[in-house]
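The disulfide bond annotation in Swiss-Prot covers Cys75-Cys90, Cys82-Cys95, Cys89-Cys110, and the record cites similarity to another entry as its basis. According to Swiss-Prot, the feature signal peptide maps to 1-21.
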Amino acid sequence: MNTVRVTFLLVFVLAVSLEQADKDENRMEMQEKTEQGKSYLDFAENLLLQKLEELKAKLLEEDSEKSRNSRQKRCIGEGVPCDENDPRCCSGLVCLKPTLHGIWYKSYYCYKK
């Protein structure tokens, strides 16, 4: 009976020690995989961040070009004298010689088209 107990105890101790070794090995393996996964995630995150910054810069550049091109510079309103050679009338207006009123000024004025 004693030999059975000793044998059982020996097998039990051996099983527990092997199980502990397997757990440690598995834990180390999982830790390595996690670290590798983090490095891959960091790389992917940096790559995505660079692409987003490039897109943002491109969009801001296009917006600034649009606003620069669409914005009207200082212009002359309707009924205001303008220069025939350099008309700065606002959009929808043209620099014309006045008919009837204002002929005595010998100047051009901005009128609607």
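Placement of Cβ uses the backbone N, Cα and C atoms for every residue, glycine included.
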Neighbour count, 10 Å Cβ-Cβ cut-off, for Cys90 (disulfide bond): what number do you get? 14
Using C-alpha atoms only, work out the spacing between Cys75 (disulfide bond) and Cys89 (disulfide bond) and round it to an integer in Å. 5
Taking only the Cα atoms, work out how far Cys90 (disulfide bond) lies from Cys110 (disulfide bond), in Å, as a whole number. 8
Spatial neighbours of Cys95 (disulfide bond) that are distant in sequence (at least 6 apart) but have CB under 8 A: Cys82, Asp83, Glu84, Pro87, Cys89, Tyr108, Tyr109, Cys110
